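J.: This structure is in structure tokens; I'll ask about it shortly.
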Amino acid sequence: MLHTIVNCPTCAKQVIWDPVSKYRPFCSERCQLIDLGEWANEEKRIASVEDEAMHYTFENND
């Protein structure tokens, strides 16, 4: 049986994408919590069209 292998988004360790991998796509609870903390601290965000438009406006107001 072939398994899909992904890299943990936090530490890049290889993880089997399977229900047996409890924290997938993370390799461990630690990496999962590090990622959650980054989202909570607003170090990560999903870009939107509005974000890009605001960036363009601010750049051109110099």
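Using the three backbone atoms N, Cα and C, a Cβ is placed for every residue, glycine included.
Residues or ranges marked as Zn(2+) binding site in Swiss-Prot (evidence: sequence analysis): Cys8, Cys11, Cys27, Cys31.
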J.: Which residues of the same chain, at least 6 positions away in sequence, have a Cβ lying under 8 Å from the Cβ of Cys11 (Zn(2+) binding site)?
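T.: Once residues fewer than 6 apart are set aside, Cys11 (Zn(2+) binding site) is near Cys27, Cys31.
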J.: Would you mind pulling the DSSP three-state label for Cys31 (Zn(2+) binding site)?
T.: helix
J.: Can you list, in sequence order, the residues of the same chain other than Cys8, Cys11, Cys27, Cys31 whose CB lies within 8 Å of the CB centroid of the Zn(2+) site?
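T.: Near the Zn(2+) site, the remaining chain residues are Pro9, Thr10, Ala12, Lys13, Val15, Phe26, Ser28, Arg30.
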J.: Three-state secondary structure of Cys11 (Zn(2+) binding site) from DSSP?
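T.: For Cys11 (Zn(2+) binding site) - judged by DSSP and reduced to three states - the answer is coil.
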